[in-house]
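Now, the feature entries from Swiss-Prot:
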BINDING   126-181  ATP binding site
BINDING   Asp248, Glu260  Mg(2+) 1 binding site
BINDING   Glu260, Asn262  Mg(2+) 2 binding site
DOMAIN    99-293  domain 'ATP-grasp'
Amino acid sequence: MKIGVIMGGISTEREVSLNSGREVIKYLELLEHEIIPIIIDKKEDVVEKVKGIDFAFLALHGEFGEDGTVQSVLQTLDIPYSGCGPLTSAICMDKDMTKKILKYANINTADWVNVSSVEDIDYEAIEKIGYPVFVKPNSGGSSVATNLVKDGDGIKEAVELALKYDKEVMIENYTKGEEITCCMLNGKMLPVLAIRPHAEFFDYTAKYADGGSDEVVIELEENLHKKVEEMALACWKELKCEVYVRVDMIVKAGVPYVLELNTLPGMTKNSLFPKSANAVGISFAELLNSIVKYSLEVER
């Protein structure tokens, strides 16, 4: 099969995407497929560069990759691709929309408000949410332009920074607890990872630098494990996920809260999904093969 590995793109996560793409290519080649590296530098590249491939493996992150646009183009061209469809991708990229659906479905998530300008900042509403808060681009990833703000004095500056990366900014209560991630493959949860950043939170450096954080497979207490698994599965169903996603949570006093869903989890050597799969004996090459297989089974 001729597999095009699509990477690069136009988002702030371009370098992360290129790293993911290189790793994916290295291991897909072990499966004896014909691999075509496809580096996207501008939106128009997609239509031209995917000609002649049988399957698109998406190693893109962020805008024009994770937000449903590339998925829609590939679907229009009748080219099968990895991961979730356009609707789920678009919703999960929009943190505000994701949290609205989670709240409607009675799935725990931290309180938040969104603003689209400095003038929109409602300090009373933020006080009700409770400090400290995370201020971040509504549709950003990899914790780019994400700041932990401890009081009202830092809000304006943090919002201004986030607005450089997105037209909407989320201000979300900081739920202090243990951060965990649940990797879902074809609707089943792989082993849970605990994320223990060496910085105050799991920022860009902690995510991608060697030694930036400790990410370890953990065995949760039985009752908590059941709650986490039920919540991850509820997210999968409510947001109509397909093939694979990563559900990030915080556990506070034995109660899990969903932070966000990642529909195209990173595939670098430091990435969480391969670590979780490896804990049940699924090698990186086998994981990629499963993603291709399950993606081809989805009716688009």
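For all residues, glycine too, the Cβ spot is worked out from N, Cα and C.
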Taking the Cβ of Gly140 (ATP binding site) as reference, which residues of that chain separated by at least 6 in sequence fall under 8 Å from it? Thr12, Gly62, Thr146, Ala162, Tyr165, Asp166
Restricting to the binding-site residues Ile126, Asn147, Gly154, Leu161, Thr175, Asp248, which ones have a CA within 10 Å of the CA of Asn262 (Mg(2+) 2 binding site)? Asp248
By a three-class reduction of DSSP, Gly140 (ATP binding site) is assigned coil
On a count of neighbouring CB atoms within 10 A, which of the binding-site residues Asn147, Thr175, Asn262 is highest? Asn262
Give me the mean pLDDT over the domain 'ATP-grasp' (99-293), rounded to a whole number. 92
Can you tell me how far the Cα of Asp248 (Mg(2+) 1 binding site) sits from the Cα of Thr175 (ATP binding site), in Å? 13
Within 10 Å of each Cβ, count the other Cβ atoms and name the one among the binding-site residues Ile126, Leu161 with the highest count. Ile126
Counting only residues 6+ apart in the same chain, whose Cβ is under 8 Å from the Cβ of Glu168 (ATP binding site)? Asp96, Asn114, Val115, Ser116, Pro137, Asn138, Ser139
Using all protein chains in view, find how many other C-beta atoms are within 10 Å of the C-beta of Val133 (ATP binding site). 26
So for Asp248 (Mg(2+) 1 binding site), how many other CB atoms are inside 10 Å of its CB? 19
